[in-house]
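K.L.:
I'd like to ask some things about the structure below.
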There are 2 protein chains.
Amino acid sequence: MTDATHDPALRSWVESANGHPDFPIQNLPLGTFIPLDMGGARVGVAIGDMILDLTAAPVDDEIRDAAAHPGLNALFALGEGVRKSLRARLSELLSDPAHRAAVEPHLHPTEGATLLVPSKIGDYTDFYVGIHHATNIGKVFRPDNPLLPNYKHVPIGYHGRASSVRASGTDIRRPKGQLKAPDSDTPRFAPCERLDYELELAIWIGPGNTLGDAIPISRAPAHIAGYGLLNDWSARDIQAWEYQPLGPFLAKNFGSTVSPWVITPEALEPFRAPQPPRPEGDPAPLPYLLDEADQAAGAFDIALEVLILTAAMRGKGMAPHRLSLSNTRHMYWTVAQMVAHHTSNGCDLNPGDLLGSGTISAPDAAGFGSLLETTKGGKEPVQLPSGETRRFLEDGDEIILRARAARDGFAGIGFGDCRATILPAN
Amino acid sequence: MTDATHDPALRSWVESANGHPDFPIQNLPLGTFIPLDMGGARVGVAIGDMILDLTAAPVDDEIRDAAAHPGLNALFALGEGVRKSLRARLSELLSDPAHRAAVEPHLHPTEGATLLVPSKIGDYTDFYVGIHHATNIGKVFRPDNPLLPNYKHVPIGYHGRASSVRASGTDIRRPKGQLKAPDSDTPRFAPCERLDYELELAIWIGPGNTLGDAIPISRAPAHIAGYGLLNDWSARDIQAWEYQPLGPFLAKNFGSTVSPWVITPEALEPFRAPQPPRPEGDPAPLPYLLDEADQAAGAFDIALEVLILTAAMRGKGMAPHRLSLSNTRHMYWTVAQMVAHHTSNGCDLNPGDLLGSGTISAPDAAGFGSLLETTKGGKEPVQLPSGETRRFLEDGDEIILRARAARDGFAGIGFGDCRATILPAN
């Protein structure tokens with residue numbers, strides 16, 4: 001249900017917010033930041049080119065106290081009621097000029113502030129709900145058997161590494177690892193030669209559950225604090241050799257990049273859509289994964305973009321080049337289904353935990369979410385406007401993920417960049 | 001190198017320590033506890049039937065400060081030098097009656113104290129270094145292909161769930177999940193019917209590394225804070241259906257049990273052994289996994305035991321029944337190799353992180369580390385002295401893991417119990 005906070009005519013007295021591609025007053029995403037020249041991480045809200053410090057803003061004491069933690073965990077733990085009230089209050093504070101004198105002293109320029117990983121992540125789980133990606137990558141690793149029989153019954157996921165998640169802007173070092181060429185009997189230890197990105201939706205967890213008590217799918221939305229972008233950097237050569245039988249490990253845990261702003265479910269309300277019907281012949285989800293309200297509004301229509309800026313392009317002053325344009329509509333399972341499945345065995349989710357959607361590829365090559373897919377395993381290099389080509393990533397390449405939601409009658413909102421540059425191996 | 005702290009003639013003025021099967025003065029394991037009738041978790045040392053509160057003991061201020069944290073993370077971060085000095089100091093304090101008056105007021109009875117998970121676990125990684133287990137379980141899931149070609153090159157591991165690790169004594173609820181019978185086309189959602197334990201060595205991480213900087217194998221010992229027991233509870237039916245292609249997920253993350261005491265590398269020094277030579281024809285480890293000192297002393301000789309106590313046995317006042325007797329010698333990779341491999345791509349380990357060895361099975365059925373192996377996938381039930389049989393675990397069953405190191409000329413030490421009882425599904 002949209003409300004006055006979504007009114008496209010609503011304007012902020014923070015002038016940079018009006019017409020801002022990402023952070024107009026209709027967005028109001030939450031993040032953790034350190035203001036320029038001030039010590040101490042705290043929680044803030046992006047508005048145009050500024051960040052409102054929630055520890056000092058005229059909001060409820062409960063929220064100011066939670067905002068003083070160096071991460072969104074405490075605020076996420078307060079749940080959706082508090083978050084919805086906060087949105088209404090912020091919308092009023094930042095639109096009504098009567099509040100300007102009280103609020104303006106607590107605005108900090110985003111430029112110069114340090115944006116951190118939004119929460120202290122307890123656990124990070126990566127799903128695999130992009131069905132075109134699962135099919136494409138399955139063809140590379142298992143040509144005869146791309147989409148396994150469990151895929152349409154189980155929202156497949158696995159545990160990722162929380163310690164190596166970094167905020168947008170932190171460089172990623174090329175990993176070394178065991179590489180085994182198909183024509184060699186033995187592996188060698190060397191820098192990764194098939195370094196890749198993965199375009200994913202990040203999901204941040206709210207209150208969560210006690211170990212042993214599942215979250216029924218009808219209650220899942222109450223435990224989703226918000227959304228962001230995730231680049232699940234992947235070393236394809238390490239992955240191919242190590243991943244059997246227990247899954248990806250060193251191929252993924254050398255670094256993952258998240259966008260620093262958490263876009264709330266409230267901000268995304270206008271961009272929800274019914275979950276697309278399953279293709280004819282696909283099995284119905286088991287009852288614990290099926291909810292009428294979730295089917296009616298469980299999908300999102302959010303454009304997802306991958307861009308590359310190589311060192312040579314940077315040297316020539318060129319703009320980043322789009323590698324892919326995809327959309328969250330290509331998720332086979334909804335986020336509520338992911339949460340219900342994850343806790344169906346009693347596993348506990350905690351405030352600030354991170355879920356990844358898995359790579360979200362469109363059905364066509366212009367919308368594939370990884371180079372492994374776009375270049376068909378490195379066989380068909382991508383041409384860049386600088387005259388360069390890429391089979392996989394080279395040192396100095398910067399990858400930028402972006403997301404944007406737009407719909408007639410509503411102000412479009414963006415997620416802010418999720419970007420990082422590859423450093424050479426040590 | 002053993003020293004005076006290992007002298008088997010050394011006695012403590014804490015009488016219950018002398019001849020204690022687990023915690024004589026030669027052990028001195030670290031843990032996190034809440035004393036009876038006192039709020040607040042703090043770090044302590046087990047000595048016989050008592051726990052010495054390290055926040056109040058006459059030890060260095062640096063240690064007392066670190067001990068006031070509700071977990072061993074801060075003490076682990078101080079590194080091996082501090083830990084070795086602490087051992088020497090504790091050995092003196094608890095053996096020399098001159099210190100009794102200053103130390104005794106800070107001893108608390110273990111009975112009545114609450115023993116917690118030793119650290120706040122940032123990330124938990126489970127390895128797969130028990131080669132007999134890997135072969136046995138491989139036969140169940142992949143009869144034609146039990147031990148994959150990467151096994152003898154790569155210390156295989158995967159990420160586990162940190163949030164659901166619990167200390168010994170916390171009941172474990174039987175999970176529900178998707179089960180698919182081999183003769184059925186579709187799964188159903190039901191309580192797990194093939195619930196199992198896994199006998200593992202727990203490894204607790206010390207200072208750790210910065211993201212991007214590997215820990216060379218020669219430096220790995222400096223980052224190992226100590227050892228314990230880990231029961232990696234496993235839902236075999238959920239596992240069989242979900243684990244392809246990304247590995248185990250809900251089959252494992254409904255709960256893992258750790259023993260509360262961290263046995264230091266110093267305490268285990270007398271029980272180290274050269275890493276057994278690899279069978280003829282096995283490949284040599286790649287250079288980043290090979291270290292002379294590690295080969296000379298990288299293995300342990302520690303007996304590992306699994307016992308069961310069913311509800312019926314408890315009702316009849318029967319003692320727990322041994323299901324398995326194994327040994328840490330059956331690890332194909334050393335702990336230093338696990339640490340070096342884990343960080344070889346730059347992945348950061350942090351103080352208090354947990355590594356599991358993977359299930360450690362002996363070559364013979366009397367020493368298999370899981371029921372899946374012992375009962376050949378449920379086909380050959382185990383007979384219990386109560387007249388009951390078990391293919392897999394039933395509600396009310398308690399599983400107890402124990403470990404004991406003994407060698408002529410040294411006082412034997414134990415790890416303390418790692419135990420938990422199965423509750424019925426919700």
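Note that Cβ sites are derived from N, Cα and C of the backbone, with glycine treated the same way.
Relevant sequence annotations retrieved from TrEMBL are reproduced here:
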- B:H133: active site, proton acceptor (ACT_SITE)
- B:D126, B:E198, B:E200, B:D232: Ca(2+) binding site (BINDING)
- B:Y128, B:R142, B:Q239, B:Y243, B:T359: substrate binding site (BINDING)
- B:D232, B:K252, B:S256: Mg(2+) binding site (BINDING)
- B:26-118: domain 'Fumarylacetoacetase N-terminal' (DOMAIN)
- B:150-422: domain 'Fumarylacetoacetase-like C-terminal' (DOMAIN)
- B:167-187: region 'Disordered' (REGION)
K.L.:
Among the binding-site residues listed here, B:E198, B:D232, which has the most company in the form of other Cβ atoms within 10 Å of its Cβ?
P.N.:
B:E198
K.L.:
How many angstrom lie between the most widely spaced Cα atoms of the substrate binders B:Y128, B:R142, B:Q239, B:Y243, B:T359?
P.N.:
18
K.L.:
Considering Cα atoms only, can you say which of B:D126, B:H133, B:D232, B:K252 is the nearest neighbour of B:Q239 (substrate binding site) among these recorded positions?
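P.N.:
That would be B:K252, nearest by Cα distance.
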K.L.:
In whole Å, note down how far the CA of B:K252 (Mg(2+) binding site) lies from the CA of B:Y243 (substrate binding site).
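P.N.:
That comes out at 11 Å between the alpha carbons.
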K.L.:
Starting from the Cα of B:S256 (Mg(2+) binding site), work out which of the recorded positions (B:D126, B:H133, B:R142, B:E200, B:D232) are within 10 Å.
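P.N.:
Within 10 Å of B:S256 (Mg(2+) binding site): B:D232.
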K.L.:
Would you kindly determine which binding-site residues in the set B:Y128, B:E198, B:E200, B:Q239, B:S256, B:T359 have their Cβ under 8 angstroms from any Cβ of chain A, listing them in sequence order or replying 'none'?
P.N.:
B:Y128
K.L.:
Sort B:T359 (substrate binding site) into helix, strand or coil using the DSSP assignment.
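P.N.:
SS state of B:T359 (substrate binding site) = strand.
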K.L.:
Have a look at the recorded positions B:H133, B:R142, B:K252, B:T359 and say which one has the shortest Cα distance to B:E198 (Ca(2+) binding site).
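P.N.:
If we rank B:H133, B:R142, B:K252, B:T359 by Cα distance to B:E198 (Ca(2+) binding site), first place goes to B:T359.
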K.L.:
Given the binding-site residues B:R142, B:K252, B:T359, which lie within 10 A of B:H133 (active site, proton acceptor) by CA-CA distance?
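P.N.:
Checking Cα-Cα distances against B:H133 (active site, proton acceptor), the binding-site residues within 10 Å turn out to be B:T359.
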K.L.:
Using the CB centroid of B:D232, B:K252, B:S256 as the Mg(2+) site centre, which other residues of the same chain sit with their CB within 8 A?
P.N.:
B:D126, B:G160, B:R161, B:E198, B:L230, B:N231, B:W233, B:S234, B:N253, B:G255, B:G356
K.L.:
Work out, from DSSP, the number of helix, strand and coil residues along the domain 'Fumarylacetoacetase N-terminal' (B:26-118).
P.N.:
38 helix, 20 strand, 35 coil
K.L.:
When you average the Cβ positions of B:D126, B:E198, B:E200, B:D232 for the Ca(2+) site, which other residues in that chain have a Cβ within 8 Å of that mean position?
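P.N.:
Counting only non-site residues, the set is B:G160, B:L199, B:L230, B:N231, B:S234, B:K252, B:S256, B:G356, B:S357, B:G358, B:T359.
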K.L.:
C-alpha of B:E200 (Ca(2+) binding site) to C-alpha of B:T359 (substrate binding site): distance in Å?
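P.N.:
Approximately 5 Å lies between the Cα of B:E200 (Ca(2+) binding site) and that of B:T359 (substrate binding site).
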K.L.:
According to DSSP, collapsed to three classes, what secondary structure does B:E198 (Ca(2+) binding site) have?
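P.N.:
Once the DSSP labels are grouped into three classes, B:E198 (Ca(2+) binding site) ends up as coil.
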K.L.:
If you measure C-alpha to C-alpha, which of B:Y128, B:R142, B:T359 (binding-site residues) come within 10 angstroms of B:D232 (Ca(2+) binding site)?
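P.N.:
Near B:D232 (Ca(2+) binding site) by Cα: B:T359.
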K.L.:
By a simple count, how many Cβ atoms lie within 10 Å of the Cβ of B:K252 (Mg(2+) binding site), its own Cβ left out?
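P.N.:
B:K252 (Mg(2+) binding site): 27 neighbouring Cβ atoms within 10 Å.
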